[in-house]
Each structure stands twice: as C-alpha cells, then as structure tokens.
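These notes concern the structure reproduced below.
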C-alpha cells in the first residue's frame, strides 16, 4: 500500500471509530437525546452558514474553471507544437472555462450583499432576534452558494475536457473544430443552470423590517 | 555448649535491641527474672508492648503464687534498655560486655519484661510486697553469707546497686554491679537455696522523648479554612403529599429597572399557593412578601420523532403588585424524566429568557439554576441534570465544521498535485528525438 492509501485509510478508520465509540457511549448512558441535529442547526451562528455559502460559491467555481483551463491549456500547448495555427482559435475554449469563474464571483457578490450583519450588542431587540431566527434566510444563502459552486465545478471540468479534445482534433483536422464547439456550448449551459437556481434560492431572502 | 551460650546471648541481646528500637512513649524500665526452679513463660506480646503493672502482678501471682519462694531483687538505682545496648557488648564486642554474670544467669530459666511500665509512684518492690505479703529485707551483698533464711516461708531480699556516678566510668560501675550479682548468686547456690532473682531499676536511666506525630507531615495552610457557605434547601411543591416540582438556585436575582439593585429572591421564603402539577403541565408560583410573584410554567408532551417525552420551561412570569412581565424561554428543555440545570439563566446576556411583553427594563438573572417539574417519583432528589451546556458548544461545532471543510479541500488538492506525473508514454530512448519545424 503506498503512502496515500495508507494515510487515507488511517484517517477514515480514525473517523469512523470515533463516531462508533462516541455513539456507543451515548447509547449506554441514555444520553442519546444529546445528539440533537436541530440544536446544532439552530445554535450555530447563522452567519457561519451564509459565509460558508459565499465562500463555497466562489471557491468551487474557481476550482472548476481552473481545472478546465489546465486541461484545455495543456492540450492547446501540446497540439500547438506541431500545429501552431490552433493557438488563437482554441482560446474560445479557455474563455468558456473562465466564464464559469465569473458566474461564481457574481453569485458570491449577490449573496454577500444579502448577508447584512444586523448586530446589536444588547440582545433586547425582539425584531433583531426574529430576523436572526428566520433561518430560511441563512440556509438559503448557504444553499445558493453550494448550488452555484458545485454546478460550476463540474461545468468547468466538462468544458475543459471537451475543449482539450477540440484542440487536438483541430490540430489534426481544422474542419472538426466548429462541430466540437457545439458540444462545448452544451457543457457551458449547465453552469448557467446553476446560476439561475441560485438566484431563485436567494430571491426569497428578505432581510428587513 | 559454647554455641548454645552464644546463640542464647545473641538472642538475649537481639531481644533488647529490637525492643529498644521500638521504644514507646511512656517511661519504662526493664525487668529480668531468672530462677533456679521453673518459671512460667512470659505471655507473648507485640514488639514495643509496655507491660502494665497489673500484667506483672498477674504473672507473678501465677509463677510465685503457690509455695514458698525466695525472691532476690537486685534494684539498680537506674536502669534502661539502653544500658544493655551501650554496655552489653552487643556490637560484636562480647568481651567488653559489662553483664557477663547476668547473661550467664539468664541462660537458665528466665523471663524478660523489656518494658515495664514505670511511674514515679509505682515500684516493683511494692508489687512484690503485695504478691508475697512480706516486706522486703534490705541486704548488703556481703551480708548474704551470714543470713539465715527459712526456706519454708516467702522471703524477699532486696539488694540495692548503684548506677553510674561521676567518680567512675559507667562501664566499670556496671561491671562492679555485675560482679556483685555473680557473687550473690554463687552464695545462694552454695547454700542450695532455690531462688528467684529479679533485676530491675528504681527509675529509668534514660527517657527518650519521642517526637509527637500530632502535627501532620507536609505543608499545610496556616490560614483557617473559610467557613463553608450554607447550602439552602430546594423549593419543593407537594401535590397530594408527593413532591412534584423542585427548584433550586444559588441566586434568583430580579431587578425592576436597568439601574436598580438586584434582589435575590432565593434568600426569601416564598409561599407556593397557586402552583399546580398534573400530567402535562406544572406551574410553580412563588409568592413573596412585598407583592413579588415569580412563576415558572412548564409543560410536557410526547414527541414521536424522538419517541420520548420532553418537558420545557415555556415561560417565566414576574409580577410586582399589579404589573406582570412575561419572559418566554428559548431552548429550556430536557427529557421529561430528567431535570434541567443551567449555570446562568438570564434575560440580558446570552439570554435564555426573552422578554415577551415588556420593553426590557425588568431583568432576570438566575445563577446555578436547576428545575424539575415531572418525574420526581416521590423522591426529593433531582434526577439526572440535563445541562444547558453540552460537551461541544455551538461555537466549537462551527469551528470544527469550517476547519474540517478547509482541511478536506486542502487534502484533496494535495492529493491531486502529488499524483501529477510527467508523461512518459511516448518516451523512446532508442528512437529519434523530436524535431520541431521552424515554419508552419
């Protein structure tokens, strides 16, 4: 077993054994009522969820874009050694990948504008408390970020692989490029779907009096 | 013969050393008894045991009680076990021993009391007098030759020996005494008189003061411990004779304006009228003098998802004269059979009680608060206290989640980078190297 596999097995084993032992102890002492997902979801600060959504929106989108660009870019460079004419035309694939990152950053800005910090030092404002306890706001932000992030991640990978294929096919036979570009456009659409759904999710967020 | 003498001597000496080491707190003198007849065995006792005078009396009665005995008492002015240790040649220097005759005499029937209880008023002669019923006859050693004794009655002869004085070296003095003892015993043997001889001291020559072990070894605070605060009893509401609701708190502080001082209601005695307790609801109403009323409203029901009955403290009402303020609770709940405990239940800082209908000027602050409304089962002890503070607080969970997410992302990226390899599919070390055209 090489080092990676050993490390991952060890971590997984530690994780599951911790969970097993904690679970057994809780069961034995009749403290099962302490395992309370609802408590966890309501007691953790809602700001954490909102900010996790924002962070994941941009970061996962960027990961997808980067992955796609790296795949396409290496193919363009490799193919361009023998067929330098493909360089300029195949930048379109790179731009499709980049668009995914732009979707991500737009959503991150939109969500962060909604996450207004209404913070009073004295916790006596009932309305403030109500605002904070309307968890749909905060979980919507988290969900929207997650949505746009993951869909852009896979969109970027998809566009990247297709673009790499397009570059190499173009190097071989210039008439193939336009046809493969159509496949790439379909791949790019799925990123757009993610953005639309995220916008729908955050449209429900109403922070205000 | 020589071996038995040596072993007997070493036994005798080791006996004294052992008892010297385990010396006792009260003063004592050794008492050696030997006889030409038989002696009863000394009752076995633990090391360091100080024989009391009554024990000695019992022993003497058992041994010398019947028949007529001649008892010869050598009374040294002072005697202690230490004298035997110092001057008895016990460290391998048997030739320096000052008790040669004594040791020889003890080879035969002998009884040894290493530590006989001594006080200034008691003495062995008086005990012997009591046992025998005759008063002792003081002799000088030389006068023994001329003494005519009647062997059919009890005789008690007393020979007084001096202890170390300034004139002579102590060893010499004791050796002289030993010679006297030897001579007297020879005289008695020559006269064929069965005798019992005793050697003891009029007072102990050395009194070792044991250090008292009353003070504890180790460090201790000199400051007196602060008086433990009195713990008040819990407030118990009985319904139909059985305890139904229990409440305990270190402080039940209320304040009627943001600037007013806190009033600790737990120090006052409340009346519990108006409280009720049934299957689904429990209300504890505490009425104090001065028109202040504090009520706790609890309810219990069965939740099917967790398949368990839970109770919650729904609201707390504070009333002063005619004004009522209600505080609704946030997350004050526990399984119905357990009690709820929280170190800090307040309406203003990390509030568990949210003011429902006032503008927040009245404040509550309960310290070390524990309440149970259901499941007391006739006992007056709280059930297991389900605490408001769990093992991980909410903040800890938040930190754990975010750091675990970041850790996962990091490990994923690291894994990807670590398995990047240079492509070697088309490497052909024997083939021609690649040619790059300069023009298209």
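In case you wondered, yes, glycine gets a Cβ from its N, Cα and C as well.
What TrEMBL says about a protein is an automatic prediction, not a curated fact.
Listed in TrEMBL:
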type: TRANSMEM; residues: A:7-29; note: transmembrane segment
type: TRANSMEM; residues: A:49-70; note: transmembrane segment
type: DOMAIN; residues: A:52-111; note: domain 'V-ATPase proteolipid subunit C-like'
type: TRANSMEM; residues: A:91-111; note: transmembrane segment
type: TRANSMEM; residues: A:117-139; note: transmembrane segment
type: DOMAIN; residues: A:142-200; note: domain 'V-ATPase proteolipid subunit C-like'
type: TRANSMEM; residues: A:146-168; note: transmembrane segment
type: TRANSMEM; residues: A:180-200; note: transmembrane segment
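DSSP labels the residues of the domain 'V-ATPase proteolipid subunit C-like' (A:142-200) in these numbers: 56 helix, 0 strand, 3 coil.
For the transmembrane segment (A:146-168), the partner stretch with the most Cβ pairs below 8 Å, chosen from A:49-70, A:91-111, A:180-200, is A:49-70. The domain 'V-ATPase proteolipid subunit C-like' (A:52-111): residue composition by secondary structure is 56 helix, 0 strand, 4 coil, according to DSSP.
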